[in-house]
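Sharing a structure with you now.
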Amino acid sequence: TTDSLFPCVTRGTTDLLFPCVTRGTTDLLLPCVTRGVCVPGTKLPWDEQWLIESLSDSTIYMAFYTVAHLLQGGTFKGEKPNELGITADQMTPEVWDYIFLKESRFPSKSKIPRASLDLMKREFEYWYPVDLRCSGKDLIQNHLTFFIYNHCAIWPEDKVKWPKGIRANGHLLLNSLKSDGNFLTLSEAVEKFSADGMRLCLADAGDSIEDANFVESMARCRYKRWTRTIGECCSKEALKAGFFELQAVRDKYRELSLLSGMHRELIDRFLEVQALLLAPICPHVAEHVWTLLGKSIVRATWPVAGPVDDILVKSSCYLMEAAHSFRIQLKYHTQPKKPGKGDTVGVSKPTHADIWIAKTYPPWQSTVLTTLSQLYQKNGTLPDNKVISSELAGKPELKKYMKRVMPFVQATREKVEQVGLEALNLTLDFDEYNVVAENLVYLENTLDVS
(Lines of atoms letter the chains of each structure in order from A; the text may use other names.)
(Lines give C-alpha, C1' and ligand atoms only; values in the text may rest on other atoms or scores of the structure.)
Protein backbone atom coordinates (compact mmCIF):
# COMPACT_ATOMS: atom_id res chain seq x y z
CA THR A 1 0.00 0.00 0.00
CA THR A 2 1.07 3.60 -0.37
CA ASP A 3 0.97 4.01 3.41
CA SER A 4 3.66 1.37 3.83
CA LEU A 5 5.69 2.73 0.93
CA PHE A 6 5.78 6.34 2.01
CA PRO A 7 8.35 5.89 4.82
CA CYS A 8 10.57 4.40 2.13
CA VAL A 9 10.50 7.64 0.13
CA THR A 10 11.79 10.15 2.63
CA ARG A 11 12.32 13.82 1.93
CA GLY A 12 16.03 13.16 1.92
CA THR A 13 15.55 10.71 -0.93
CA THR A 14 13.66 13.20 -3.07
CA ASP A 15 16.32 15.81 -2.39
CA LEU A 16 18.80 13.45 -4.00
CA LEU A 17 16.54 12.48 -6.87
CA PHE A 18 15.06 15.76 -8.03
CA PRO A 19 16.58 19.12 -8.94
CA CYS A 20 15.78 21.78 -6.38
CA VAL A 21 13.19 23.33 -8.68
CA THR A 22 11.05 20.17 -8.48
CA ARG A 23 11.52 19.26 -4.82
CA GLY A 24 8.60 21.40 -3.69
CA THR A 25 6.34 19.51 -6.07
CA THR A 26 7.42 16.07 -4.87
CA ASP A 27 7.41 17.05 -1.19
CA LEU A 28 3.72 18.00 -1.55
CA LEU A 29 2.85 15.16 -3.89
CA LEU A 30 4.23 12.13 -2.07
CA PRO A 31 2.19 12.65 1.13
CA CYS A 32 -0.85 13.36 -1.05
CA VAL A 33 -0.60 9.94 -2.67
CA THR A 34 -0.77 8.25 0.75
CA ARG A 35 -4.06 9.96 1.61
CA GLY A 36 -6.12 7.85 -0.76
CA VAL A 37 -6.12 9.61 -4.09
CA CYS A 38 -6.64 7.39 -7.13
CA VAL A 39 -3.38 5.67 -7.93
CA PRO A 40 -2.45 2.90 -10.38
CA GLY A 41 -3.81 -0.43 -9.15
CA THR A 42 -6.95 0.99 -7.48
CA LYS A 43 -10.56 0.84 -8.67
CA LEU A 44 -12.54 3.94 -9.47
CA PRO A 45 -14.79 4.62 -6.44
CA TRP A 46 -17.79 5.51 -8.61
CA ASP A 47 -17.40 2.57 -11.01
CA GLU A 48 -15.43 -0.38 -9.66
CA GLN A 49 -15.41 -2.26 -12.93
CA TRP A 50 -12.60 0.09 -14.03
CA LEU A 51 -9.08 -0.44 -12.70
CA ILE A 52 -6.51 2.36 -12.81
CA GLU A 53 -3.36 0.72 -14.13
CA SER A 54 -1.38 3.00 -16.40
CA LEU A 55 1.98 3.48 -14.77
CA SER A 56 3.29 0.32 -13.08
CA ASP A 57 4.88 -1.21 -16.17
CA SER A 58 6.05 2.08 -17.66
CA THR A 59 8.08 3.07 -14.59
CA ILE A 60 10.34 0.01 -14.40
CA TYR A 61 10.80 -0.81 -18.07
CA MET A 62 14.43 0.30 -17.83
CA ALA A 63 15.03 -2.93 -15.89
CA PHE A 64 14.06 -4.78 -19.08
CA TYR A 65 16.68 -2.83 -21.02
CA THR A 66 19.41 -4.65 -19.10
CA VAL A 67 18.46 -8.01 -20.67
CA ALA A 68 16.63 -6.92 -23.84
CA HIS A 69 19.69 -7.57 -26.03
CA LEU A 70 19.58 -11.22 -24.96
CA LEU A 71 15.84 -11.66 -25.63
CA GLN A 72 14.97 -9.52 -28.67
CA GLY A 73 17.05 -11.43 -31.19
CA GLY A 74 18.51 -8.23 -32.58
CA THR A 75 15.09 -6.90 -33.60
CA PHE A 76 12.85 -4.15 -32.24
CA LYS A 77 9.74 -6.33 -31.85
CA GLY A 78 11.55 -9.53 -30.92
CA GLU A 79 10.01 -11.52 -33.78
CA LYS A 80 13.26 -13.42 -34.46
CA PRO A 81 14.75 -16.17 -32.25
CA ASN A 82 17.36 -15.02 -29.76
CA GLU A 83 20.78 -16.54 -29.13
CA LEU A 84 19.62 -18.14 -25.85
CA GLY A 85 16.65 -19.88 -27.49
CA ILE A 86 14.21 -18.35 -24.97
CA THR A 87 10.58 -17.82 -25.99
CA ALA A 88 8.19 -15.21 -24.58
CA ASP A 89 5.94 -17.73 -22.84
CA GLN A 90 8.95 -19.02 -20.86
CA MET A 91 9.45 -15.61 -19.23
CA THR A 92 7.14 -16.28 -16.29
CA PRO A 93 6.83 -14.14 -13.13
CA GLU A 94 9.05 -16.64 -11.31
CA VAL A 95 11.73 -16.23 -13.96
CA TRP A 96 11.61 -12.43 -13.71
CA ASP A 97 11.80 -12.68 -9.91
CA TYR A 98 14.94 -14.76 -10.20
CA ILE A 99 16.55 -12.21 -12.53
CA PHE A 100 15.57 -9.07 -10.63
CA LEU A 101 15.49 -10.15 -6.98
CA LYS A 102 18.73 -11.22 -5.31
CA GLU A 103 17.14 -13.56 -2.76
CA SER A 104 14.72 -15.24 -5.17
CA ARG A 105 15.16 -18.98 -5.68
CA PHE A 106 15.87 -20.57 -9.03
CA PRO A 107 12.54 -21.42 -10.77
CA SER A 108 12.76 -25.21 -10.82
CA LYS A 109 9.82 -25.57 -13.23
CA SER A 110 11.40 -23.30 -15.84
CA LYS A 111 12.70 -24.89 -19.03
CA ILE A 112 15.31 -22.16 -19.44
CA PRO A 113 18.84 -23.40 -18.63
CA ARG A 114 20.23 -22.03 -15.39
CA ALA A 115 23.29 -20.69 -17.22
CA SER A 116 21.03 -18.48 -19.37
CA LEU A 117 19.12 -17.14 -16.38
CA ASP A 118 22.35 -16.51 -14.47
CA LEU A 119 23.67 -14.60 -17.48
CA MET A 120 20.60 -12.33 -17.47
CA LYS A 121 20.85 -11.93 -13.70
CA ARG A 122 24.49 -10.83 -14.01
CA GLU A 123 23.58 -8.34 -16.74
CA PHE A 124 20.87 -6.82 -14.56
CA GLU A 125 23.13 -6.63 -11.49
CA TYR A 126 25.87 -5.00 -13.58
CA TRP A 127 23.76 -2.28 -15.21
CA TYR A 128 21.28 -1.40 -12.46
CA PRO A 129 20.36 1.01 -10.88
CA VAL A 130 19.29 3.90 -13.13
CA ASP A 131 21.98 6.58 -12.87
CA LEU A 132 19.92 9.37 -14.40
CA ARG A 133 16.35 9.47 -15.66
CA CYS A 134 15.53 12.39 -17.99
CA SER A 135 11.88 13.29 -18.40
CA GLY A 136 9.45 16.18 -18.74
CA LYS A 137 8.19 18.42 -15.93
CA ASP A 138 4.59 17.42 -16.71
CA LEU A 139 5.37 13.86 -15.56
CA ILE A 140 6.56 14.79 -12.07
CA GLN A 141 3.11 14.37 -10.51
CA ASN A 142 2.46 10.96 -12.09
CA HIS A 143 5.06 8.97 -13.96
CA LEU A 144 8.15 10.07 -12.04
CA THR A 145 6.41 9.80 -8.66
CA PHE A 146 5.54 6.16 -9.33
CA PHE A 147 8.96 5.62 -10.82
CA ILE A 148 10.19 6.15 -7.24
CA TYR A 149 7.35 4.23 -5.56
CA ASN A 150 7.63 1.15 -7.75
CA HIS A 151 11.36 0.84 -7.20
CA CYS A 152 10.77 1.10 -3.46
CA ALA A 153 8.00 -1.52 -3.68
CA ILE A 154 10.01 -4.04 -5.70
CA TRP A 155 13.33 -3.54 -3.88
CA PRO A 156 12.30 -2.30 -0.39
CA GLU A 157 15.45 -3.62 1.29
CA ASP A 158 17.86 -3.43 -1.65
CA LYS A 159 18.29 0.35 -1.79
CA VAL A 160 21.18 0.17 -4.24
CA LYS A 161 18.53 -0.59 -6.88
CA TRP A 162 16.77 2.72 -6.28
CA PRO A 163 17.26 5.44 -8.93
CA LYS A 164 20.27 7.67 -8.39
CA GLY A 165 19.00 10.76 -10.17
CA ILE A 166 16.10 12.30 -12.07
CA ARG A 167 16.33 15.29 -14.37
CA ALA A 168 13.08 17.10 -15.17
CA ASN A 169 13.18 19.34 -18.23
CA GLY A 170 10.84 22.09 -19.38
CA HIS A 171 9.02 22.14 -22.70
CA LEU A 172 10.45 23.58 -25.90
CA LEU A 173 8.87 26.65 -27.45
CA LEU A 174 9.47 27.55 -31.09
CA ASN A 175 9.97 31.27 -31.68
CA SER A 176 8.30 32.02 -28.31
CA LEU A 177 4.95 30.71 -29.60
CA LYS A 178 2.59 27.89 -28.61
CA SER A 179 0.09 28.42 -31.43
CA ASP A 180 -1.16 25.65 -33.71
CA GLY A 181 0.90 25.11 -36.83
CA ASN A 182 4.02 26.50 -35.21
CA PHE A 183 6.31 23.50 -35.49
CA LEU A 184 9.59 22.33 -36.95
CA THR A 185 10.11 18.67 -37.80
CA LEU A 186 13.37 16.92 -37.02
CA SER A 187 14.12 16.38 -40.71
CA GLU A 188 13.54 20.08 -41.44
CA ALA A 189 15.70 21.10 -38.47
CA VAL A 190 18.58 18.86 -39.55
CA GLU A 191 18.29 20.13 -43.12
CA LYS A 192 18.48 23.74 -41.87
CA PHE A 193 21.16 23.43 -39.20
CA SER A 194 22.73 19.94 -39.58
CA ALA A 195 22.61 17.35 -36.78
CA ASP A 196 25.39 18.88 -34.68
CA GLY A 197 24.24 22.42 -35.45
CA MET A 198 20.77 21.54 -34.17
CA ARG A 199 22.22 20.00 -31.02
CA LEU A 200 24.24 23.16 -30.42
CA CYS A 201 21.21 25.42 -30.94
CA LEU A 202 19.04 23.27 -28.64
CA ALA A 203 21.70 23.38 -25.91
CA ASP A 204 21.77 27.16 -26.26
CA ALA A 205 17.95 27.42 -26.10
CA GLY A 206 17.85 26.48 -22.39
CA ASP A 207 18.25 23.51 -20.07
CA SER A 208 16.32 24.13 -16.85
CA ILE A 209 12.79 23.17 -15.82
CA GLU A 210 11.61 26.44 -17.33
CA ASP A 211 10.39 26.22 -20.92
CA ALA A 212 13.25 26.64 -23.38
CA ASN A 213 12.80 28.93 -26.37
CA PHE A 214 14.19 27.86 -29.73
CA VAL A 215 14.29 31.02 -31.87
CA GLU A 216 15.09 30.22 -35.51
CA SER A 217 16.61 33.63 -36.25
CA MET A 218 18.90 33.30 -33.22
CA ALA A 219 19.69 29.71 -34.16
CA ARG A 220 20.73 30.85 -37.63
CA CYS A 221 23.08 33.42 -36.10
CA ARG A 222 24.56 30.85 -33.72
CA TYR A 223 24.89 28.33 -36.54
CA LYS A 224 26.63 30.82 -38.86
CA ARG A 225 29.03 31.83 -36.09
CA TRP A 226 29.67 28.19 -35.29
CA THR A 227 30.29 27.12 -38.91
CA ARG A 228 32.49 30.19 -39.46
CA THR A 229 34.53 29.13 -36.43
CA ILE A 230 34.87 25.61 -37.80
CA GLY A 231 36.10 27.09 -41.07
CA GLU A 232 38.73 29.05 -39.16
CA CYS A 233 40.10 26.23 -37.45
CA CYS A 234 26.71 22.89 -25.36
CA SER A 235 23.69 22.16 -21.59
CA LYS A 236 23.41 25.92 -21.93
CA GLU A 237 26.04 26.73 -19.26
CA ALA A 238 28.43 24.14 -20.70
CA LEU A 239 27.92 25.61 -24.16
CA LYS A 240 28.40 29.12 -22.81
CA ALA A 241 31.73 28.24 -21.19
CA GLY A 242 32.97 25.64 -23.68
CA PHE A 243 32.14 27.51 -26.87
CA PHE A 244 31.11 31.16 -26.64
CA GLU A 245 33.34 32.23 -23.73
CA LEU A 246 36.28 30.18 -24.98
CA GLN A 247 35.86 31.79 -28.41
CA ALA A 248 35.88 35.22 -26.77
CA VAL A 249 39.11 34.38 -24.92
CA ARG A 250 40.73 33.28 -28.20
CA ASP A 251 39.61 36.49 -29.93
CA LYS A 252 41.02 38.57 -27.09
CA TYR A 253 44.31 36.68 -27.27
CA ARG A 254 44.46 37.41 -30.99
CA GLU A 255 43.96 41.13 -30.35
CA LEU A 256 46.68 41.16 -27.68
CA SER A 257 49.13 39.32 -29.93
CA LEU A 258 49.19 41.73 -32.87
CA LEU A 259 52.79 42.71 -32.20
CA SER A 260 54.39 39.37 -31.33
CA GLY A 261 51.95 37.01 -33.07
CA MET A 262 50.05 34.00 -31.66
CA HIS A 263 51.81 30.80 -30.59
CA ARG A 264 51.02 27.83 -32.84
CA GLU A 265 51.23 25.32 -29.97
CA LEU A 266 48.74 27.28 -27.90
CA ILE A 267 46.24 27.54 -30.76
CA ASP A 268 46.52 23.78 -31.39
CA ARG A 269 45.87 23.19 -27.70
CA PHE A 270 42.87 25.53 -27.86
CA LEU A 271 41.39 23.54 -30.77
CA GLU A 272 41.90 20.25 -28.93
CA VAL A 273 40.32 21.47 -25.69
CA GLN A 274 37.34 23.14 -27.34
CA ALA A 275 36.64 20.08 -29.47
CA LEU A 276 36.69 17.90 -26.35
CA LEU A 277 34.36 20.27 -24.46
CA LEU A 278 31.91 20.32 -27.38
CA ALA A 279 32.06 16.56 -28.03
CA PRO A 280 29.01 15.72 -25.82
CA ILE A 281 26.94 18.30 -27.73
CA CYS A 282 28.44 18.22 -31.24
CA PRO A 283 30.18 14.82 -31.51
CA HIS A 284 30.50 14.70 -35.31
CA VAL A 285 32.16 18.09 -35.69
CA ALA A 286 34.38 17.47 -32.65
CA GLU A 287 35.60 14.23 -34.22
CA HIS A 288 36.19 16.04 -37.54
CA VAL A 289 38.31 18.72 -35.86
CA TRP A 290 40.40 16.10 -34.08
CA THR A 291 40.83 14.22 -37.36
CA LEU A 292 42.24 17.40 -38.91
CA LEU A 293 44.70 17.47 -36.02
CA GLY A 294 45.72 13.89 -36.85
CA LYS A 295 44.02 12.34 -33.81
CA SER A 296 40.83 10.51 -32.83
CA ILE A 297 38.58 11.99 -30.17
CA VAL A 298 37.16 8.54 -29.40
CA ARG A 299 40.36 7.69 -27.53
CA ALA A 300 40.73 11.10 -25.90
CA THR A 301 40.29 11.83 -22.21
CA TRP A 302 38.56 14.85 -20.71
CA PRO A 303 40.90 17.86 -20.64
CA VAL A 304 42.62 18.63 -17.35
CA ALA A 305 43.57 22.21 -16.51
CA GLY A 306 47.19 22.88 -15.67
CA PRO A 307 48.48 25.11 -12.87
CA VAL A 308 46.92 28.58 -12.81
CA ASP A 309 49.13 31.68 -12.61
CA ASP A 310 46.90 33.82 -10.39
CA ILE A 311 49.08 36.92 -10.74
CA LEU A 312 48.97 36.67 -14.53
CA VAL A 313 45.17 36.30 -14.41
CA LYS A 314 44.88 39.36 -12.14
CA SER A 315 47.11 41.45 -14.42
CA SER A 316 44.99 40.41 -17.42
CA CYS A 317 41.79 41.42 -15.62
CA TYR A 318 43.45 44.72 -14.69
CA LEU A 319 44.32 45.41 -18.33
CA MET A 320 40.78 44.61 -19.54
CA GLU A 321 39.23 46.82 -16.81
CA ALA A 322 41.62 49.67 -17.65
CA ALA A 323 40.85 49.42 -21.38
CA HIS A 324 37.12 49.39 -20.64
CA SER A 325 37.48 52.44 -18.41
CA PHE A 326 39.48 54.28 -21.10
CA ARG A 327 36.82 53.52 -23.73
CA ILE A 328 34.06 54.86 -21.49
CA GLN A 329 36.02 58.03 -20.79
CA LEU A 330 36.73 58.47 -24.50
CA LYS A 331 33.06 58.06 -25.36
CA TYR A 332 32.05 60.56 -22.68
CA HIS A 333 34.72 63.04 -23.86
CA THR A 334 33.58 62.96 -27.50
CA GLN A 335 29.87 63.27 -26.81
CA PRO A 336 28.40 66.61 -28.04
CA LYS A 337 28.15 69.13 -25.25
CA LYS A 338 25.04 71.24 -24.75
CA PRO A 339 25.99 74.74 -23.53
CA GLY A 340 22.53 75.74 -22.41
CA LYS A 341 20.11 76.58 -25.21
CA GLY A 342 21.01 76.62 -28.88
CA ASP A 343 23.05 74.34 -31.11
CA THR A 344 25.16 71.55 -29.66
CA VAL A 345 28.93 71.86 -29.77
CA GLY A 346 30.83 68.93 -31.20
CA VAL A 347 34.15 67.71 -29.76
CA SER A 348 36.87 66.43 -32.07
CA LYS A 349 38.16 62.94 -31.40
CA PRO A 350 41.56 62.95 -29.67
CA THR A 351 44.56 61.63 -31.59
CA HIS A 352 46.75 60.74 -28.63
CA ALA A 353 46.43 60.02 -24.90
CA ASP A 354 48.59 60.06 -21.79
CA ILE A 355 48.25 57.37 -19.11
CA TRP A 356 49.12 58.28 -15.52
CA ILE A 357 49.72 55.41 -13.11
CA ALA A 358 49.55 56.07 -9.37
CA LYS A 359 51.89 54.00 -7.21
CA THR A 360 49.61 54.21 -4.16
CA TYR A 361 46.00 54.99 -3.34
CA PRO A 362 45.16 58.59 -2.31
CA PRO A 363 45.44 58.93 1.50
CA TRP A 364 41.67 59.08 2.00
CA GLN A 365 41.11 55.88 0.00
CA SER A 366 43.90 54.14 1.93
CA THR A 367 42.12 55.10 5.17
CA VAL A 368 38.84 53.64 3.87
CA LEU A 369 40.47 50.39 2.74
CA THR A 370 42.31 49.97 6.04
CA THR A 371 39.11 50.54 8.00
CA LEU A 372 37.16 48.10 5.83
CA SER A 373 39.89 45.50 6.29
CA GLN A 374 39.71 45.89 10.07
CA LEU A 375 35.91 45.59 10.07
CA TYR A 376 36.10 42.51 7.84
CA GLN A 377 38.61 40.78 10.12
CA LYS A 378 36.53 41.67 13.17
CA ASN A 379 33.17 40.44 11.81
CA GLY A 380 34.24 37.83 9.29
CA THR A 381 32.46 39.88 6.62
CA LEU A 382 31.75 43.49 5.78
CA PRO A 383 28.96 44.96 7.96
CA ASP A 384 26.06 47.03 6.61
CA ASN A 385 26.89 50.34 4.98
CA LYS A 386 25.24 52.16 7.92
CA VAL A 387 27.79 50.65 10.30
CA ILE A 388 30.63 51.43 7.92
CA SER A 389 29.42 55.02 7.44
CA SER A 390 29.23 55.54 11.19
CA GLU A 391 32.76 54.20 11.61
CA LEU A 392 34.21 56.36 8.83
CA ALA A 393 32.36 59.53 9.93
CA GLY A 394 34.58 59.70 13.03
CA LYS A 395 37.82 59.93 11.06
CA PRO A 396 38.90 63.59 10.64
CA GLU A 397 41.04 62.87 7.56
CA LEU A 398 37.89 61.91 5.63
CA LYS A 399 35.79 65.01 6.35
CA LYS A 400 36.73 66.73 3.07
CA TYR A 401 35.85 63.59 1.05
CA MET A 402 32.61 62.36 2.68
CA LYS A 403 30.60 62.73 -0.55
CA ARG A 404 33.03 60.37 -2.28
CA VAL A 405 33.60 57.96 0.62
CA MET A 406 30.40 55.88 0.46
CA PRO A 407 30.39 55.45 -3.35
CA PHE A 408 33.97 54.19 -2.99
CA VAL A 409 32.86 51.88 -0.15
CA GLN A 410 30.06 50.45 -2.29
CA ALA A 411 32.36 49.88 -5.26
CA THR A 412 34.86 48.18 -2.95
CA ARG A 413 32.13 46.01 -1.41
CA GLU A 414 31.14 44.77 -4.87
CA LYS A 415 34.76 44.00 -5.65
CA VAL A 416 35.11 42.05 -2.38
CA GLU A 417 32.11 39.94 -3.42
CA GLN A 418 33.86 39.17 -6.70
CA VAL A 419 37.49 38.55 -5.69
CA GLY A 420 37.45 38.30 -1.90
CA LEU A 421 39.54 40.00 0.79
CA GLU A 422 42.36 40.85 -1.62
CA ALA A 423 40.19 43.70 -2.91
CA LEU A 424 41.11 45.53 0.32
CA ASN A 425 44.87 45.32 -0.28
CA LEU A 426 46.70 48.65 -0.51
CA THR A 427 49.08 47.35 -3.19
CA LEU A 428 48.72 45.01 -6.17
CA ASP A 429 50.56 41.74 -6.75
CA PHE A 430 51.93 42.94 -10.10
CA ASP A 431 53.56 46.02 -11.61
CA GLU A 432 50.83 48.15 -13.23
CA TYR A 433 53.35 50.12 -15.30
CA ASN A 434 54.81 46.98 -16.88
CA VAL A 435 51.37 45.61 -17.72
CA VAL A 436 50.38 48.82 -19.49
CA ALA A 437 53.75 49.26 -21.22
CA GLU A 438 53.76 45.70 -22.56
CA ASN A 439 50.30 46.16 -24.03
CA LEU A 440 50.47 49.66 -25.44
CA VAL A 441 49.83 48.42 -29.00
CA TYR A 442 46.58 46.81 -27.87
CA LEU A 443 45.48 49.96 -26.02
CA GLU A 444 46.33 52.16 -29.01
CA ASN A 445 44.33 49.93 -31.35
CA THR A 446 41.30 49.59 -29.08
CA LEU A 447 41.16 53.36 -28.47
CA ASP A 448 42.38 54.37 -31.95
CA VAL A 449 44.91 56.81 -30.50
CA SER A 450 48.67 57.00 -30.17
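Cβ atoms are placed via backbone N, Cα and C, with glycine included.
According to TrEMBL, the domain 'Methionyl/Leucyl tRNA synthetase' annotation covers 134-217. Residues or ranges marked as domain 'Methionyl/Valyl/Leucyl/Isoleucyl-tRNA synthetase anticodon-binding' by TrEMBL: 242-307. Under the heading domain 'Leucine--tRNA ligase RagD-binding', TrEMBL lists 357-429.
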Summarise the domain 'Methionyl/Valyl/Leucyl/Isoleucyl-tRNA synthetase anticodon-binding' (242-307) by DSSP state, stating how many residues are helix, strand and coil.
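Secondary-structure composition of the domain 'Methionyl/Valyl/Leucyl/Isoleucyl-tRNA synthetase anticodon-binding' (242-307): 43 helix, 0 strand, 23 coil.
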Under the DSSP assignment, what numbers of helix, strand and coil residues are found in the domain 'Leucine--tRNA ligase RagD-binding' (357-429)?
54 helix, 0 strand, 19 coil
Please work out the mean pLDDT for the residues of the domain 'Methionyl/Valyl/Leucyl/Isoleucyl-tRNA synthetase anticodon-binding' (242-307).
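Averaging the confidence scores along the domain 'Methionyl/Valyl/Leucyl/Isoleucyl-tRNA synthetase anticodon-binding' (242-307) gives 83.
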